[in-house]
Amino acid sequence: WEFNGSFYQPSAFLMMGIPGLEALHHWISIPFCALYLIALLGNCMILFIIKKTQSLHEPMYYFLSMLAVTDLGLVLCTLPTTLGIFWFNMRRIGFDACLTQMYFIHILSFIESSVLLAMAFDRFIAISHPLRHPSILTKTTVIKIGLAIILRGMVSLLPIPFLLKRLTYCGKTELSHSFCFHPDIMNLACADIKVNVFYGMIILLSTVGMDFIFIVLSYILIIKTVISLATKEECLKALNTCVSHICAVLVFFIPMIGLSMIHRFGKNVPPLVNTLVAYTYLIIPPALNPIIYSIKSSHIREALLRTLRRKNG
């Protein structure tokens, strides 16, 4: 502990694996390793295929590349500490290292939310204004959108580590997860955390909350356009291009909203439920997104098969 008058700050926090199942951590690590491996290989495969296939150099797949890079970042942020606990029971993480991990986890989560919104906008333009789609979403525009997404995440979350650093911590230093999460660290403080709660809520609602609302609005407009199409075949064809994106949105937002609600209002929720929702939020989307897009996108599937044939040949 560092002491400075009445100001206390722990030198480290203790992370937790799966509560009540500590004796089974080595066995539990097997499915986690499988999910991490799927996420790493799957997202790298998506990036490789899009880079090597000229026909996939269009806005929809540029945004998919951003999603894959973000998912890889999330995986690499949580993998060392999660497997460190499961394999070696390495629970200790330095105070500053914890704040750094937390900052990047939250930035990447916000970026993923924004990329999903950009993908919804791309689908809306492609379905509602197909002839204007190439002129609206040019390569330069896509790059500008990508930079704006990164900048928004970095700037909006920049005060969070400093707001946590100013707090006084006392007694308990055990986190609820095998990674650092803002509400989790904040709740260990014995100082007034109203500013942290207020700022965290405002940022969450103004970024992820607004992204989700605009995604829903995009799909309302898409459905309105699809209903006006002449034939049933055209309707189904248009909606089919959105299925993989809808799945990615649900896989990301449902556990994220659940985890936020648990940390803010679920004081009586069993620790095991809290832990499982957190892992679902941070590990399942990166592992499932490449599978969803590989199954639903015929272009990616065909490009993958061509690549495999070339290697076998």
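Glycine is treated like the rest: Cβ placed from N, Cα and C.
Among the features that TrEMBL reports, transmembrane segment is placed at 24-50, 62-88, 100-121, 142-164, 197-222, 243-264, 276-295. Positions annotated as domain 'G-protein coupled receptors family 1 profile' by TrEMBL: 42-293.
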Long-range neighbours of the transmembrane segment (100-121), counting only residues six or more past its ends (CB under 8 A): 60, 63-64, 66-67, 70-71, 73-74, 77-78, 81, 93, 145, 149-150, 152-154, 156-157, 160-161, 164, 179-182, 185, 207-208, 211-212, 214-215, 218-219, 245, 248-249, 252-253, 256, 282, 285
Sequence-remote partners of the transmembrane segment (197-222) [C-beta within less than 8 Å, at least six residues beyond its ends]: 109-110, 113-114, 116-117, 120-121, 123-124, 127-128, 152-153, 156-157, 159-160, 163, 182-183, 186, 238, 242, 246, 249, 253, 256, 260, 264
Residues from the same chain, set at least six apart from the ends of the transmembrane segment (243-264), whose C-beta lies under 8 A from its own: 67, 109, 112-113, 116, 119-120, 123, 181, 183-184, 187, 201, 204, 208, 212, 215, 219, 273-274, 277-278, 280-281, 284-285, 288-289, 292-293, 295-297
